[in-house]
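S.K.: After the structure tokens below, expect a handful of questions from me.
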Amino acid sequence: MIQKVITVNGIEQNLFVDAEALLSDVLRQQLGLTGVKVGCEQGQCGACSVILDGKVVRACVTKMKRVADGAQITTIEGVGQPENLHPLQKAWVLHGGAQCGFCSPGFIVSAKGLLDTNADPSREDVRDWFQKHRNACRCTGYKPLVDAVMDAAAVINGKKPETDLEFKMPADGRIWGSKYPRPTAVAKVTGTLDYGADLGLKMPAGTLHLAMVQAKVSHANIKGIDTSEALTMPGVHSVITHKDVKGKNRITGLITFPTNKGDGWDRPILCDEKVFQYGDCIALVCADSEANARAAAEKVKVDLEELPAYMSGPAAAAEDAIEIHPGTPNVYFEQPIVKGEDTGPIFASADVTVEGDFYVGRQPHMPIEPDVAFAYMGDDGKCYIHSKSIGVHLHLYMIAPGVGLEPDQLVLVANPMGGTFGYKFSPTSEALVAVAAMATGRPVHLRYNYQQQQQYTGKRSPWEMNVKFAAKKDGTLLAMESDWLVDHGPYSEFGDLLTLRGAQFIGAGYNIPNIRGLGRTVATNHVWGSAFRGYGAPQSMFASECLMDMLAEKLGMDPLELRYKNAYRPGDTNPTGQEPEVFSLPDMIDQLRPKYQAALEKAQKESTATHKKGVGISIGVYGSGLDGPDASEAWAELNADGTITVHTAWEDHGQGADIGCVGTAHEALRPMGVAPEKIKFTWPNTATTPNSGPSGGSRQQVMTGNAIRVACENLLKACEKPGGGYYTYDELKAADKPTKITGNWTASGATHCDAVTGLGKPFVVYMYGVFMAEVTVDVATGQTTVDGMTLMADLGSLCNQLATDGQIYGGLAQGIGLALSEDFEDIKKHATLVGAGFPFIKQIPDKLDIVYVNHPRPDGPFGASGVGELPLTSPHAAIINAIKSATGVRIYRLPAYPEKVLEALKA
């Protein structure tokens with residue numbers, strides 16, 4: 001123990017600390033400065049950035065023994081407060097720099113460190129600074145953050161008035177389609193929004209901290225579990241195993257596909273008989289501190305009989321592979337696609353055919369905030385779970401039988417959360433904390449470290465694909481054949497739905513009258529597959545978009561013109577036989593053409609013998625919704641103070657549920673003249689909010705947006721006075737009229753895809769885009785640099801352009817990572833952000849251009865579609881096509897690491 005007298009945010013603090021204690025822990029736990037966020041705990045993400053004696057440091061790797069007496073420290077709390085924002089914070093709000101917001105305090109503190117030393121930086125200075133200080137963002141694509149720093153610098157330098165950093169309301173008062181800032185933005189940029197780990201510091205005395213005992217092998221029988229030594233460790237309350245679980249000890253995948261050969265009850269909460277993947281949780285140590293719990297977890301002894309581990313789809317699908325789940329074949333689901341005529345004769349007689357084998361790998365989500373959850377038994381006897389769930393009502397039914405409670409005895413609440421990008425479509429820590437709270441009767445808190453985030457949360461499922469096109473010599477597509485094998489890891493939840501995506505999106509964007517294909521889902525012992533932005537489209541469209549370029553080359557056609565020739569037009573149908581609701585792709589290609597020609601000319605002019613430049617194109621398509629007649633519910637309530645509360649369970653993991661709720665409600669309530677700041681929204685809670693469905697598949701703006709629209713329209717009708725005007729709250733109460741009105745909406749025009757043919761109308765609203773990538777390839781090293789990305793986007797009528805821009809920038813950045821660096825194949829090497837190929841700012845170009853070519857959707861609320869999936873449908877395919885354009889070599893298996901490109905160049 002040592003004494004430190006330091007000044008934090010201008011206030012002298014007399015502290016007694018362990019010399020080895022981390023500055024981040026002291027600031028958060030002893031001083032309550034939870035604006036200092038902790039992400040990676042390895043100095044790789046910058047979320048914990050503070051200014052220490054004039055220098056930006058990462059507090060999570062700075063030990064107190066290195067902090068001098070008298071040190072001056074500035075955290076986000078010292079930069080600005082909600083009522084007194086610093087220009088950087090104002091600029092962050094204005095430019096949409098805070099999406100999930102978890103990284104925002106660290107970025108803003110880092111940016112202040114820059115402006116304190118360089119008051120007039122260039123954009124490249126800003127980018128170099130954030131790269132040097134390892135400030136990582138997974139949401140924004142970095143461009144809005146640089147925009148914010150530049151504008152803040154201009155204000156600080158007196159080049160702009162500070163009023164330029166404030167949103168200007170449109171003259172008509174309408175915020176639909178504007179850049180109205182997110183309602184949560186100020187809390188995010190000031191560090192005052194409490195995320196799961198922050199809330200954990202506010203739990204009552206007696207709260208137990210949990211640590212997982214995890215498998216260090218990928219497949220094994222469990223012969224015994226010895227907890228005796230762990231129980232003697234300091235601070236340990238108990239060690240929970242499968243014997244303490246009161247329910248079925250399984251998370252159900254809620255299987256709805258009749259041809260699935262499994263029953264969905266294959267994922268243990270705490271492993272009992274077998275380990276199915278590396279990192280599986282075998283026991284939970286409950287202790288008085290996280291450190292004590294983790295130390296004791298190392299003392300639990302597990303006797304294992306190791307089994308063959310199948311770490312890829314082909315290995316698990318081999319005839320001699322043992323069943324991972326005894327009684328269920330490893331290949332447990334098949335989805336055919338049968339459209340039009342038999343393709344065999346068509347391929348035999350076609351002018352041109354082309355074929356390719358493709359692979360998209362196990363992309364990790366890599367949020368900056370690791371998984372976190374807590375649970376407690378409420379005074380009403382119910383078990384309450386607070387987590388990063390993006391499907392609170394969905395998860396309620398997935399975990400209730402496993403923990404041993406009826407759904408009405410379990411409550412799920414979505415915390416303010418960092419980005420998830422889909423991994424939280426699957427439950428992760430929810431069942432674990434519920435089991436612990438029920439077993440101990442005490443509040444419990446569980447926080448994953450970053451290694452656990454990487455190793456024990458789901459990943460994008462890898463696909464092995466073979467796709468063939470048959471075409472006329474003029475480029476008209478005649479037929480397609482496809483085969484795709486989906487490695488979904490050991491747990492089946494949603495694996496069948498993901499496999500169906502291949503039938504829906506391989507070849508999407510083009511009129512292909514005749515299709516035959518088969519998708520198969522296989523259980524393996526690698527990490528389980530979960531939803532990831534784009535959900536099946538990045539795999540599907542990588543194959544078909546690369547193949548389109550291969551066909552263009554064989555025909556001697558320009559790749560853009562081949563796409564133009566075959567893009568959807570009236571009378572055409574998509575792969576499942578559905579006619580698109582709008583036909584914007586030809587228009588988008590027409591508008592892209594001059595940009596494309598200019599990019600080609602620039603690439604040709606600037607290419608050298610050592611650095612080759614190229615341009616690539618791809619089309620992206622995705623549906624907004626869950627398959628079939630998806631539905632949502634919302635409530636609109638007039639409050640006594642004249643405000644309106646929109647009640648939904650629209651989970652916000654950075655995509656903008658706050659502005660989605662407020663923007664949609666404001667548009668619907670315009671006749672009433674309600675100001676946007678008078679519209680409130682709710683945090684998802686299964687006990688107090690309606691079932692709005694999960695935040696995945698770009699469904700919420702369409703499904704819950706429509707439900708909000710209906711609820712608000714119904715509220716308007718309820719409030720209308722016969723002679724004009726609207727009743728007040730008091731008038732409604734006096735007349736015994738309701739002040740809270742329900743709105744329901746169902747995608748009634750959608751149908752499920754057929755189990756035998758794959759045909760159907762799965763979505764009533766789709767999103768469409770055309771991507772262009774510009775790259776430079778260093779032929780000596782194989783290193784690919786993306787110089788610029790352009791997306792022509794049709795997203796209907798935009799609810800909020802600021803949120804939409806941010807979603808697109810972030811999706812493009814993730815596409816660059818998917819194409820070039822991101823993977824989770826090596827369980828140990830890829831267990832950190834850097835190891836897994838996280839794209840920092842210098843890997844993402846500052847040139848990210850968006851052109852909206854929007855066509856209002858008949859079934860979208862006020863014409864809107866979804867947003868989030870589109871920007872990650874196929875940007876990686878455009879990048880790979882650009883590498884081919886630059887060098888003449890094609891990469892078929894992602895990611896296109898430099899050594900892989902170099903090997904192809906030398907072949």
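Count begins at 1; order follows the chain as displayed.
Including glycine, each Cβ sits where the backbone N, Cα and C put it.
Got these off Swiss-Prot a minute ago, pasting:
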type	residues	note
DOMAIN	2-79	domain '2Fe-2S ferredoxin-type'
BINDING	C40, C45, C48, C60	[2Fe-2S] cluster 1 binding site
BINDING	C100, C103, C137, C139	[2Fe-2S] cluster 2 binding site
BINDING	H653, E869	Mo-molybdopterin cytosine dinucleotide binding site
S.K.: Using a 10 Å radius around each Cβ and all protein chains in view, which of these binding-site residues has the most neighbours: C45, C48?
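M.R.: Buried the deepest by this measure is C45.
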S.K.: Please report the three-state DSSP label of C60 ([2Fe-2S] cluster 1 binding site).
M.R.: helix
S.K.: Sequence gap of 6 or more, C-beta under 8 Å: which same-chain residues meet both conditions with respect to E869 (Mo-molybdopterin cytosine dinucleotide binding site)?
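M.R.: Non-local contacts for E869 (Mo-molybdopterin cytosine dinucleotide binding site): R533, G534, Y535, A537, Y622, G697, S698, M767, G811.
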S.K.: Sequence gap of 6 or more, Cβ distance under 8 Å: name the residues on the same chain that satisfy this around H653 (Mo-molybdopterin cytosine dinucleotide binding site), in order along the sequence.
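M.R.: Same-chain residues close to H653 (Mo-molybdopterin cytosine dinucleotide binding site) (Cβ under 8 Å, separated by 6 or more) are C100, K388, I390, M417, G418, G419, T420, F421, K424, S695.
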S.K.: I want the residues beyond C40, C45, C48, C60 whose C-beta is within 8 angstroms of the mean position of the [2Fe-2S] cluster 1 site's C-beta atoms, in chain order.
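M.R.: Neighbours found: S24, K37, V38, G39, E41, Q42, G43, Q44, G46, A47, R58, A59, V61, G106.
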S.K.: My understanding is the cutoff is Cβ-Cβ under 8 Å with a sequence separation of 6 or more in the same chain; which residues meet that for C60 ([2Fe-2S] cluster 1 binding site)?
M.R.: L22, L23, S24, V38, G39, C40, E41, Q42, G43, C48
S.K.: Give the distance between the Cα atoms of C137 ([2Fe-2S] cluster 2 binding site) and C45 ([2Fe-2S] cluster 1 binding site), rounded to the nearest whole Å.
M.R.: 8
S.K.: Taking DSSP states H, G and I as helix and E and B as strand, how many residues of the domain '2Fe-2S ferredoxin-type' (2-79) are helix, strand and coil?
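M.R.: DSSP classes over the domain '2Fe-2S ferredoxin-type' (2-79) add up to 18 helix, 27 strand, 33 coil.
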S.K.: Of all the binding-site residues here, C40, C103, which one's CB has the most other CB atoms within 10 A?
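M.R.: Comparing the binding-site residues C40, C103, the most crowded Cβ belongs to C103.
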S.K.: Using C-alpha atoms only, work out the spacing between C45 ([2Fe-2S] cluster 1 binding site) and C139 ([2Fe-2S] cluster 2 binding site) and round it to an integer in Å.
M.R.: 13
S.K.: Around the Cβ of C139 ([2Fe-2S] cluster 2 binding site), how many other Cβ atoms lie within 10 Å? Please give the count over every shown protein chain.
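M.R.: Total other Cβ atoms inside 10 Å, all chains included: 31.
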S.K.: Can you tell me how many other Cβ atoms are located within 10 Å of the Cβ belonging to C137 ([2Fe-2S] cluster 2 binding site)?
M.R.: 31
S.K.: Looking only at the domain '2Fe-2S ferredoxin-type' (2-79), what is the model's average confidence as pLDDT?
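M.R.: PLDDT averaged over the stretch: 98.
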S.K.: With a radius of 8 angstroms around the mean position of the C-beta atoms of C100, C103, C137, C139, what other residues of the same chain does the [2Fe-2S] cluster 2 site pick up?
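M.R.: Apart from the listed residues, the neighbours are A98, Q99, G101, F102, S104, R138, T140, I368, G418, G419, G654, G810.
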S.K.: Including all protein chains shown, what's the count of other C-beta atoms within 10 A of the C-beta of C100 ([2Fe-2S] cluster 2 binding site)?
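M.R.: A 10 Å sphere around the Cβ of C100 ([2Fe-2S] cluster 2 binding site) contains 29 other Cβ atoms.
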